[in-house]
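Lifted from TrEMBL, the feature list:
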- 1-53: region 'Disordered' (REGION)
- 1-12: compositional bias 'Polar residues' (COMPBIAS)
- 115-138: transmembrane segment (TRANSMEM)
- 183-202: transmembrane segment (TRANSMEM)
- 223-245: transmembrane segment (TRANSMEM)
- 257-273: transmembrane segment (TRANSMEM)
- 285-309: transmembrane segment (TRANSMEM)
- 362-382: transmembrane segment (TRANSMEM)
- 394-419: transmembrane segment (TRANSMEM)
- 450-471: transmembrane segment (TRANSMEM)
- 477-498: transmembrane segment (TRANSMEM)
- 526-550: transmembrane segment (TRANSMEM)
- 688-714: region 'Disordered' (REGION)
- 784-819: region 'Disordered' (REGION)
- 856-891: region 'Disordered' (REGION)
- 867-877: compositional bias 'Basic residues' (COMPBIAS)
- H1014, H1016, H1069: Fe cation binding site (BINDING)
Amino acid sequence: MNFPSRSTSLTVDPQAGRRPSASSLRPSVSSRLSSAVSIAERGEPLDGEGDAAQQQIEEEIAKIKRYEDFTTIDWVKDAAREQLRRKARRKRQVGLHGSGQSHWRQKIREAYDAAQGWIVITIIGAAIGLNAAVLNIITEWLADIKLGYCSTKFYLNEDFCCWGEETGCADWHKWTGFEPINYIIYIIFATLFALTAASLVKSYAPYAAGSGISEIKCIIAGFVMKGFLGFWTLIIKSLALPLAIGSGLSVGKEGPSVHYAVCTGNVISRLFTKYRRNASKTREVLSACAAAGVAVAFGSPIGGVLFSLEEMSSYFPLKTMWRSYFCALVATAVLAAMNPFRTGQLVMFQVKYDRSWHFFEVLFYIIIGIFGGLYGAFVIKWNLRAQAFRKKYLANYAVLEATLLAVATAIVCYPNAFLRLEMTESMKVLFRECEGAEDYHGLCDPQHRFGNVISLILATVIRVFFVIISYGCKVPAGIFVPSMAIGASFGRTVGIIVQAMHEASPKSVFFSSCEPDVPCITPGTYAFLGAAAALSGIMHITVSVVVIMFELTGALTYILPTMIVVGVTKAVSELCGKGGIADRMIWFSGFPYLDNKEEHNFGVPVSQAMISDVVSIPATGMTLKAVESLLAKDNYQGFPIIEDETSRILLGYIGRTELRYAVDRAKRERNLSPLAKCSFAVPSPSATTTAASNPILTPITPTTPQPTSPQDYATSASTTIDFYPYIDTTPLTAHPRLPLETVMELFRKIGPRVILIEHRGRLAGLITVKDCLKYQFKAEAAEELQHQHPRDDGDLDGGRPQQQQRQRGRRQRRRAGEGEWQQEERVWELLKAAAGWVSDTVGKVSGGRVRLRDSWEGERGGISGHGRGHGRGHGRGHGQGGILDGTEESPPFHHCFARTRSTINMAVGLIENSVPSGSSTFACRATIDTNRFDDLVLALKEALGPSSGLTSDDVDVDHLTRLMRDYNSDPREWSRYAMGDESRGYTRNLVDEGNGKSNLLVLVWSPGKGSPIHDHGNAHCLMKILHGDLTETRYDFPEGEEEKPMRVISERVHKQNEVAYMADELGVHRVTNQGSGFAVSLHLYTPPNVARGGCHIFNAETGKKSHIKNCGYYSAYGKKL
């Protein structure tokens, strides 16, 4: 948080221990709700030296804050600092006028300061327009070079090479006259473009990937993401965007155009001190740049302003609107002056319509609107699942993923005439009227109508699939144009069908409004409306879409049809889900963003969502060592200042950055003892007056530390360091009974980083945006659960208790989650199998010189495994072999493991086939330098931390699963725990107790045996197969007292290195080893309820259960009990 500070006041205060009364310490409630947080605003005197010291300190703190990543801006403090700057400027002006020093240079300086905003906006708008024009030219050339080249000038695309020709010319040549070779060349170019784009992004600017709209919304709202709008992001985004579009990936440039436009504004505005030091000024510039980005992308300046208002900005005053309008105007004017297409059009798919529409077409417009809403809901849902899959499995293969996606897209899309074209060019074709325009692929020929309908339907379906899996890959990727292209192909399909219906029955009553001898149906308008519907459906925007489409056509006639289509789309979208894909991506990424379009009615006070256990700082009594110890912890961004721990009277708030700066500055000025006292007390008014007049207490500016004598350090233990100048004595506070909705509005409208909760002057807690979002997610989940399982005692359950209903709901959700996880695992296995086949094929073709499998396995830790390995333990064997039962002679493992063999107590050892038994190194292979199994045990313990188990909000189930999946089983690492007993079904061997929060066990399963059907004592279990195969059979919980066979839910064989999750919500289960040798598995139970209170076992034939009191251990920490 940006807290105003006057100076460092480091003095030995003999009266530091005396505290004023609470009334004098705390201003009134109304005063605390104001944003007056500085000396000047409190009316205290400031001389020139104090102004200089204050300005220097503020600049140093602001510089530190600029490098704080993933924090939020406190708009209240930023506004107060801007008011101070203006007040100081007015004071300087009054002083100059009063002393007669006013000069024409001063007037010019004042005029420049007033006009600086418009100058900056002009420069930024011109740069955005110039960049957009250059990128348009490069993108079109890269898209055409895949199909052919210009024989006269190689750097010209097809349109420029054949200027004035509608159907091509002799100067434009395909690469060869043999179509299969052209097909291969098309794929090669697509692959090279995608590979280059992904490599640039990964190597130089990872933030250049994706669209950027979600992140920019959060940045404009105050979230700090260092580097996201930086210079290198701008350069790489501009270089990689044409390559990504030219590769043919189902991504667009309109979303990234907003990103590079905002990057341009951020980079240029940072050159001016006025914007470099003020976040609110920068926010105005970024909002204006977002409008300019949309303006140059669609050739729609007004639509860009409305898009910034409707979608991007949570705070959009009139001043920002004017700035946005002017920036969009300048950018569009520069783009028009550059005329990149040499047609006078700002975008390639700009079109004009000269015919009107008929009211009977409203029915088909509604169909298009319904499609737009369903398309948006479908793509958002499945793209989020694809993003989750990408995050879990493909994080290390960003370049490979983008390259393979480009190859697959090129292979599939080239045969389709409408997918082969670049998407903006395909929209240009689909938007056209049939009369007086080029007939691409017989689109206007009735003889080819059926074939074109099939091609368009296939294009729609295929494009939807590729948009789902491509949006989010690590290249600059937008979703505006792909969605518009999908809507255009569907709309053109509807238009062709309606046109065919009219031609089949021209005298039908339905078409009675059509004029004779005049074309009644214009299929291009349906494509145009379909594009509007898809764009509205995917982004959940309305007004800006209508204006953008109007500016694209310039036809007032089609405003009403567009409004109808967008209105229907909006209604369908709201029924299917809330929030467009940008909002859902914010939710998916976990950014602290409160959407101003959402309305909530929680009906609870803020005390239900606040943090009650707050780490605070007493006004006196803390030592410098204690303060530095507090700063060493990264969990806190600031600390409330209280009078003492008993009264907890709130005195103020100090941010972590301010406190860190104050401590460092004090240590620079004097050689301080760790036992020096720290004072955060608010001085009384009389003390403030004395300090203003006493030269000893005059604030000092930072100086170079001077050498000190030993007694200085010794006596510094009695020194008192005054931190009051850095304290915000008027933080924003709220009453515990204030409605949570009101607090969320305070965060949206005012923009503080934190709100302190106080009751009668005493600190009760604090709340941040993240706390509000956390409560919102919990409330929505509870509402969804209640909607699925309403509390009705008269339902079919016969008045079952609500606890059982909630348990059944949790069980169903767990099953659904388990099913999704299994589907993801199957997809991952297919991808690995395909990758293995490709790598083997490449290796055979290259004679073994190119070995892709090694690089694949090196990162994932083996093609047959699920772990990534993290670069440790690579090169060790992972082959499978038999398990010793303790009776066979095995000298190598006898020396390495030193286990006692017997039929009752035996160690399970694994013989790997990768090293022959006669090898001289065999006896020492079990000696390893780094035990990754021990690392896994430690990682699981740290992940659980202070929580109570997997049900805790602090524990990520997916993270625990990923930790276990990432470990590749190696018997040399865990065999000391694997003690088996062939006389038992299985043995439970304790590995770790997880600080009392969990039990980590190695279970050894005897051949042909297994466990009874059992529950888990309301605990949660993660099971990883370390060796062999285990069959898991899941049953539904028996209901009622009637004896009947238990219903089998599922049965699955888990192979080595697979991970499964089990909990009582999913049912009960039994695990069996149907193999001929021992099997070994690793189980994480949290909390350890089974070890403490036992579990239940069930009879499969009757469903009867019995309680087992003691589910003990066979061994603990490698020793048999």
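Cβ atoms are placed via backbone N, Cα and C, with glycine included.
Caution: TrEMBL annotation is automatic and unverified by curators.
For the transmembrane segment (257-273), the most Cβ-contacting stretch among 285-309, 362-382, 394-419, 450-471 is 285-309 (pairs under 8 Å). For the transmembrane segment (362-382), the partner stretch with the most Cβ pairs below 8 Å, chosen from 183-202, 450-471, 477-498, 526-550, is 526-550.
Within the same chain, the transmembrane segment (394-419) packs against the transmembrane segment (450-471): three or more Cβ pairs sit under 8 Å, each pair at least 6 residues apart.
All protein chains considered, the CB of H1069 (Fe cation binding site) has 21 other CB atoms within 10 Å. Within 8 A of the CB centroid of the Fe cation site residues H1014, H1016, H1069, the other residues of that chain are S1011, I1013, D1015, C1021, M1062, D1064, V1068, R1070, C1095. Listed by sequence, the residues of this chain that lie at least six past the ends of the transmembrane segment (285-309) yet keep a Cβ under 8 A from its Cβ atoms are 120-121, 124-125, 128-129, 132, 216, 219-220, 229, 253-254, 257-262, 264-266, 269, 275, 316, 320-321, 323-332, 335, 345-347, 350, 480, 541, 543-545, 547-548, 550-552. With a threshold of 8 Å between CB atoms, the same-chain residues lying at least 6 positions outside the transmembrane segment (115-138) that come near it are 157, 238, 241-242, 253, 257, 260-261, 264-265, 268-269, 272, 274-275, 281, 284-285, 288-289, 292-293, 296-297, 323, 326-335, 337-341, 348.
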